Amino acid sequence: MAKKFPLFHPFSRRLHIVLLCMIGFFCTTFMRIHFALTMTCMVNSTALAVENEIKLAGNSNVSEISIIEEINLGSNGQCGLMDEDGQKKVVVDYGGELVWNSYEQNLIFSGTFWGSLITVLPSMFFIERFSPRHVLQISVALYILVTVITPFLATHFGYFSVFLARIGMGLGEGFVFPTNNAIIGNWFPSSEKSTALSIFTLGNQIASAAGSPMVAAVCASDLGWPATFYFAGIFATGWSILWFFTASSHPAKVKMMTKKEKEYLLANVVKKVHKSEKTRSIPYSKILTSPAFLGQLQCHFFVNLFMTLFQIYLPSYFKEVLHLGVIANGTFTAIPNIFNMIFKVVWGIGIDKLKENKILSNTKAVKVSHGVASFGSSFSLILLAFFVDCSNPTTGLIFFCLMYSSMGTFVSGFYTSLLSLAPQYTATMSAISMFVAMIGRLTTPAVMSMFRKDGTAAEWQNIFIGCSLAHIFSGSIFLLFGSGELQDWAKVEDDQEMNEKEKLKTIENGIVVVEEVDVKNEMSATLVKEDSLCL
């Protein structure tokens, strides 16, 4: 049995890989969700308010509208839709120039979800036939292209051209999770998957925690909102170059790694792909009828619906209900994500330690994690629904931090379950799960269109209550059917398991050669003496 090589080590190659995946996930998430805060800067709220008043009143009398920029966080603000005299409608305007109503905004937000819905299922075939590393790189290139041309499309061709471009971005998004899941599945043993996934998905929170203040600052500067798109594209291009020269889909293909780590991964993760495995059919019927898989599948739907709602619409809530200015909006959007990051990583490391020490089984670990996320989030949403308005925005921030901290354990719950049920079918199961997740994301704008007409506090209260009930429902289902164990239908036959053992051959110069069979051809990976690096 190979001795464990620590994950958190300067020469840990799998740590380097998951950090690269995390930064890449930050880039794709930021290019997708920064539009939420940027939209509040792009849109002329005053013009929209006037337009709505004319439609409602049937005339052009717009004297009933009061424009404000923000409220003083240290004092009672103007709550609801009426100002102090009870007559004028209060509108917070960030000085945008585009007149896009709520329907047009929701259509734009839904574009990426429509695109990803098209590609997420076919992604598994691409990943099985091509390197996940290259597939991910092409996907990010599509993100970059759409991001940098968006300002031109918005100002010259209108909202529908932006919607079409966002569909193009979504075509790339459909590959992001399946490719990263495949790479992480190749690099990490089951005892480290919760930690690895916690690190990888940090990119999501960093995109909001670091990205939101940056977007707010750029929007408020002379550069204006178009610069946010250009900055996002430039940063993603830098990551893409780094990824091309340093990343690998599989440990056996790495040219630079310590001998100790490679032996550890060969013994605990790396599996040879034999001819008998190449022709083995994927058990779709067993996958789609597995209670454990279906349990995490519905979680994927609801969690993505919730996350999309808060990623896209939280800046609107801060603007419409709490009446925050653009800088305060960016700050309030960022802070809960910082709590999420810290709690997620600490929880992921802690839960893996409990599994490693046999205190918790894999199944108990994912159920405890998911239970904390679901019921903790539900409780926080009830507090937000009944105890927060623009007179106490700081209280609202505290409740959001509580909710985001709770949601940090989702990764150690249903997401870890997905990668544990049948590791050899990770690409297929990830694609199916992401297809359902994309339906959840696509559902979000439709749900918001139904419940959010004018952006009133009452409308947001109903949204929070509905999300709270959905959290309870989804969490209860996972507690009944969820699992973190390898499923019986996914176990490899004994004779194949014996063939999984790697054959090491020592040659006279001290170099150790590992014979590794790839999906397409025979390949060899070279290792050097202990405590040295391969170049």
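Residue numbers in this text run from 1 along the chain shown.
Each residue, glycine too, has its Cβ placed from N, Cα and C.
Annotated N-linked glycosylation site per Swiss-Prot: ASN44 (among others), in sequence order, evidence recorded as sequence analysis.
Look at Swiss-Prot and you will find ASN61 (among others) tagged as N-linked glycosylation site, backed by sequence analysis.
The feature N-linked glycosylation site is assigned by Swiss-Prot to ASN329 (among others). Long-range Cβ proximity for ASN329 (N-linked glycosylation site), meaning a same-chain Cβ under 8 A and a gap of 6 or more residues, is found for LEU37, THR40, SER212, ALA216, PRO315, PHE318, LYS319.
The feature transmembrane segment is assigned by Swiss-Prot to 17-37 (among others). Residues 108-109, 112, 136, 139-140, 143-144, 146-147, 150, 169, 172-173, 176, 180, 183-184, 187-188, 196, 199-204, 206-208, 211-212, 215-216, 219, 228-229, 232-233, 235-236, 239, 242-243, 246-248, 311-316, 329-330, 333 of the same chain lie 6 or more positions beyond the ends of the transmembrane segment (17-37) yet place their CB under 8 Å from a CB of it.
Outside the transmembrane segment (107-127) by six or more residues, the chain places 32, 35-36, 39, 100, 135, 159-160, 162-175, 178-179, 182, 308, 312, 427-428, 430-432, 434-435, 438-439, 441-442, 444-446 with a CB less than 8 A from a CB of the stretch. If you look up Swiss-Prot, you'll see 107-127 (among others) marked as transmembrane segment.
Positions annotated as transmembrane segment by Swiss-Prot: 144-164 (among others). Counting same-chain residues at least six beyond the ends of the transmembrane segment (144-164), those with a Cβ under 8 angstroms from any Cβ of the stretch are 31, 35, 42, 98, 100, 104-105, 107-108, 110-111, 225-226, 229-230, 232-233, 236-237, 240.
Using a Cβ-Cβ cut-off under 8 Å and counting only residues 6 or more beyond its ends in the same chain, the transmembrane segment (167-187) has close neighbours at 14, 17-18, 21, 24-25, 28, 31-32, 111-120, 122-124, 126-127, 132-133, 135-136, 138-143, 145-147, 193, 196-197, 200, 249-251, 265, 269-270, 418-419, 423, 426-427, 430-431, 434, 437-438. If you look up Swiss-Prot, you'll see 167-187 (among others) marked as transmembrane segment, on the strength of sequence analysis.
Taken from Swiss-Prot, the feature transmembrane segment applies to 199-219 (among others), supported by sequence analysis.
Among the features that Swiss-Prot reports, transmembrane segment is placed at 225-245 (among others), with the record citing sequence analysis. Cβ atoms under 8 Å from those of the transmembrane segment (225-245) belong to residues 20, 23-24, 27-28, 30-31, 34, 38, 41-42, 96, 133, 136-137, 140-141, 143-144, 147-148, 150-151, 155, 214-215, 218-219 of the same chain, restricted to positions at least 6 beyond its ends.
Here Swiss-Prot flags 292-312 (among others) as transmembrane segment, drawing on sequence analysis. Sequence-distant neighbours of the transmembrane segment (292-312) (same chain, 6+ residues past either end, Cβ-Cβ under 8 Å): 33, 35-36, 109, 113, 204, 208, 370, 377, 407, 410, 413-415, 417-418, 421, 429, 432-434, 436-441, 443-445, 447-448, 463, 467, 470-471, 473-474, 477-478, 480-483, 487.
Look at Swiss-Prot and you will find 331-351 (among others) tagged as transmembrane segment. Long-range Cβ contacts of the transmembrane segment (331-351) within its own chain (Cβ-Cβ under 8 Å, at least 6 residues beyond either end) map to 37, 194-195, 197-199, 201-202, 205-206, 208-213, 216, 314-315, 318, 322, 324, 360, 365, 368-369, 372, 393, 397, 400-401, 403-409, 411-412.
Look at Swiss-Prot and you will find 368-388 (among others) tagged as transmembrane segment. A Cβ distance under 8 Å defines the sequence-distant neighbours of the transmembrane segment (368-388), meaning residues of its chain 6+ beyond its ends; these are 194, 299, 306, 322, 347, 351, 360, 395-396, 399-400, 402-403, 405-414, 416-417, 460-461, 464-465, 467-469, 471-472, 474-476, 478-479, 482.
Among the features that Swiss-Prot reports, transmembrane segment is placed at 395-415 (among others).
What Swiss-Prot lists as transmembrane segment is 429-451 (among others). Sequence-remote contacts of a segment are chain residues at least 6 beyond its ends whose Cβ falls under 8 Å from one of its Cβ atoms, and for the transmembrane segment (429-451) they are 102-103, 106-107, 109-110, 112-114, 116-117, 120-124, 127, 174, 177-178, 181-182, 287-288, 293, 296-298, 300-305, 308-309, 312-313, 418-419, 421-422, 459, 462-463, 466.
Through the fold, the transmembrane segment (463-483) approaches residues 291-292, 294-296, 298-299, 301-303, 305-306, 309, 362-363, 366-367, 370-371, 373-375, 377-379, 381-382, 384-385, 413-414, 417, 420-421, 448, 451-452 of its own chain, all at least 6 residues removed from its boundaries and within a Cβ separation under 8 Å. Taken from Swiss-Prot, the feature transmembrane segment covers 463-483 (among others), and the record attributes it to sequence analysis.
DSSP assigns ASN329 (N-linked glycosylation site) to a helical segment in the three-state reduction.
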